[in-house]
């Protein structure tokens, strides 16, 4: 007859009986009693029982099997069940790292540094905005403090100094221009005896032939204007007064404001500075011509 396969219950029962027989042959209880009697100074009234023969108590310490395990015989039968292991010794401790706020912020803001053209334009916009705010604080002198960096404060002071130099040189050359125009006009007015140097509503006065000294007045006026205005242009260009004093011109302020939206406008800033310099010289010439017209009007009223 063929043997019938064993059920799971029968297999467990046979395995349990085999394990108990091996423990009986190995005298595990006697070895355990010897170990406990050697390690303890006080003997109990009852003989200790093997851990394999007694049922585990729920309040037993989990470290006791770990202390006994080195004394167990190193001989192991391949058919024995594996030793019971504490789950605390098998499972590694899971460490949860606390998030570093500074590192997270640096990663977030650092991701925008090496960006594309849009990121660079945004960086230019913010840099221009901060530069204008710092320059405005330095010129007004109302919000400047010692806690700010030295570079923006130095730039604002340099800008204010250049504006002061620009106004100072304009005032000096204005005195020279007015003195030259007045001297030239009154010299010819006093030396010419007839009415050719005066303006009059009468027809006979305008019909008179001009005196030769009238041409010398125009010659001296043109010569003085060229010499004075050329000197003004050379001095201001050499000292870079108009190139550094950007806050003194409304057009340059408009270019700076527009460069925050369209950075390409900064390429035209040197051209705008040069045109502003030319316009300053031309406005001085117009002022001298208007002064001559006013003088002729006053003379005509006097006559």
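Just so it is clear, glycine is given a Cβ too, placed from its N, Cα and C backbone atoms.
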Practice prompt. Identify the transmembrane segment range according to Swiss-Prot, selecting from 148-168, 169-189, 190-210.
Written response: 169-189
Item to complete: Looking at the candidate ranges 97-116, 117-136, 217-236, report the one that Swiss-Prot labels transmembrane segment.
Response: 217-236
Worksheet item: Can you check whether Swiss-Prot puts residue 216 on the same side of the membrane as residue 274?
Response: no
Fill in: Annotated range (Swiss-Prot: transmembrane segment) out of 260-280, 281-301
281-301
